[in-house]
Amino acid sequence: MPKLRSATSTEGRNMAGARALWRATGVKDNDFGKPIIAIANSFTQFVPGHVHLKDMGSLVADAIEEAGGIAKEFNTIAVDDGIAMGHGGMLYSLPSRELIADSVEYMVNAHCADALVCISNCDKITPGMLMAALRLNIPVVFVSGGPMEAGKTKLSDKLIKLDLVDAMVAAADSSVSDEDSAKIERSACPTCGSCSGMFTANSMNCLTEALGLSLPGNGSMLATHADRRELFLEAGRRVMALTKRYYEQDDASALPRNIASFKAFENAMALDIAMGGSSNTVLHLLAAAQEADVAFTMDDIDRMSRQVPHLCKVAPSTAKYHMEDVHRAGGVMGILGELDRAGLLHTDVPHVAADAGGNLKSVLAKYDVMQTQDDKVKQFFMAGPAGIPTTKAFSQDCRWPSLDDDRREGCIRSREFAFSQEGGLAVLSGNLADNGCIVKTAGVDESNLTFIGSARVYESQDDAVAGILGGEVVAGDVVVIRYEGPKGGPGMQEMLYPTSYLKSRGLGKACALITDGRFSGGTSGLSIGHVSPEAAAGGTIALIENGDRIEIDIPKRSIKLAVSDAELAARRETMLARGPMAWKPLSRQRYVSMALKAYAMLATSADKGAVRDRSKLED
């Protein structure tokens with residue numbers, strides 16, 4: 001029978017000092033011997049997705065202690081990608097994922113916690129905590145802060161739904177008046193919560209449901225809705241049930257590495273493809289798989305992208321649906337139900353929402369709105385927006401008049417009526433990206449599935465933005481932004497501003513964009529990121545010259561630089577002749593701090609999840 005990890009610091013005469021310190025935190029004599037459950041919170045006043053999390057740890061703690069555990073809360077950092085966007089702050093976003101993972105590991109291992117609840121929400125926080133949870137391999141439940149309500153405003157007497165990207169595009173569009181731009185800006189982000197579309201934060205919170213590590217509704221229930229309170233309480237109860245199963249019954253199926261198995265990663269990727277999730281999710285799933293010692297790779301993603309249809313289309317890929325609409329249609333469980341009926345889901349995998357001996361099949365039987373007989377579950381998925389600006393959680397209890405169970409023309413479709421029979425993400429490969437690259441096909445217009453254009457090369461995002469706004473980029477160009485990968489940036493910046501500016505200048509369907517950086521979940525258009533190897537690692541993207549012909553064929557999963565092998569070999573020799581300046585941008589002026597340099601020294605390219613190069617850390 002596994003011994004409580006916390007016994008290391010609570011048992012024996014030699015631990016008198018540790019027990020004295022535990023007592024100073026509120027632990028009583030009769031508490032010693034109970035499991036200690038760490039609560040990793042990520043409250044901050046910097047981030048709308050986290051501004052309401054201050055008291056959530058107390059909710060979880062109450063449920064844990066009621067179930068017989070000792071709850072101890074700590075906090076991690078949280079970077080807002082939207083606020084960090086468009087300036088040097090974005091260099092810190094992806095590296096913060098590693099810091100979050102490390103900080104959770106440090107706190108849990110330093111204090112010998114027995115289990116973990118992760119309270120996350122936004123872009124790098126959920127994946128960072130996920131990496132830590134799989135690294136630690138102790139019982140864990142994830143519960144997020146939830147998505148914000150979609151913005152709404154009237155323009156030309158027409159009520160429209162909005163999100164963050166709409167505000168950015170409008171501000172960059174000279175045809176939009178100052179008055180309308182300001183109106184959109186003030187309406188785009190009305191409440192606390194993660195941004196309202198299928199951006200990175202919401203994508204990752206949905207994927208934790210499919211991995212089996214969070215409760216139904218985690219990815220889609222609005223931050224403002226009163227029903228979300230129960231998710232926090234149930235997370236506390238569930239983690240205690242998992243803790244007892246492992247430590248008292250020697251049930252290893254309660255551990256995250258046994259829950260998040262290869263099959264579970266396939267389920268998560270199937271969901272991601274079906275819902276057209278953010279391309280960043282590929283980066284984070286690959287990173288999490290490495291922490292779990294699961295051999296899930298880009299090849300698996302490529303294979304699945306050809307098999308899984310696009311069943312759910314959400315902003316930024318459409319203005320019609322946001323996360324509140326996904327929830328009304330049954331949330332993640334609704335999409336998983338359709339994947340199951342299409343024969344594209346493993347249902348024999350464990351899930352934290354299942355009782356001992358149960359699995360995803362039993363969870364779907366209860367929570368898939370198309371098969372459940374539970375009226376409470378149907379009411380749960382009818383939770384809707386109030387339309388009242390607020391930063392407070394659980395501040396409203398509005399309901400939709402009905403569920404969206406239209407699987408022909410609704411927000412979630414059956415396979416027969418899918419938005420497309422191929423999914424919302426694709427892996428492209430060719431001589432421009434030997435190890436692959438990623439495109440969010442859910443955001444690509446059908447007219448752009450194949451594209452041939454001339455390279456317009458920039459060695460930084462800043463230069464690309466200046467070029468787009470300055471009129472250098474014209475229809476037919478393929479904008480190439482390089483040296484923005486994990487090592488070359490460093491930090492693998494998001495390219496939301498370049499894609500937004502292309503869109504605002506009417507070039508959204510007339511140009512393509514290729515980068516070894518990454519894209520915000522808010523990106524749409526023919527935007528191809530994660531080019532691997534990156535420029536700083538000797539990738540072919542570093543050898544592209546202005547005017548080179550680039551051929552993109554999404555149906556064939558191909559991306560080609562139409563330059564002969566002999567010419568590429570000659571360019572590579574010229575690059576190597578630079579000596580210490582090889583594979584570095586010559587014209588870019590950028591301050592890189594010591595913290596970022598330390599990150600860059602160990603960073604791998606995107607096809608490896610941009611994680612640390614373990615070979616450099618081994619003895």
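Placed from the backbone N, Cα and C atoms, the Cβ positions cover glycine too.
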- Message: If I go by Swiss-Prot, which of D81, D157, D163 binds Mg(2+) at the same site as D123, K124, E494?
- Response: D81
- Pairwise CA distance, K124 (Mg(2+) binding site) versus S520 (active site, proton acceptor), rounded so that it is a whole Å: 12
- Ranking the binding-site residues D123, E494 by other Cβ atoms within 10 Å, which is at the bottom? E494
- Near the Mg(2+) site, what residues other than D81, D123, K124, E494 in the same chain have a C-beta no further than 8 Å from the centroid of the listed C-beta atoms? V79, A84, M90, S93, L94, C122, T200, A201, N280, S520
- Query: Where D123 (Mg(2+) binding site) and S520 (active site, proton acceptor) are concerned, what is their Cα separation in Å, rounded?
  - Reply: 9
- Candidates C122, C195, E494 (binding-site residues) passing the 10 Å Cα cutoff around S520 (active site, proton acceptor) are E494
- Query: Cα distance, C122 ([2Fe-2S] cluster binding site) to D81 (Mg(2+) binding site), nearest Å?
  - Reply: 9
- According to DSSP, does E494 (Mg(2+) binding site) fall in a helix, a strand, or coil? strand
- As a whole number of Å, the Cα atom of C195 ([2Fe-2S] cluster binding site) is distant from the Cα atom of E494 (Mg(2+) binding site) by 16
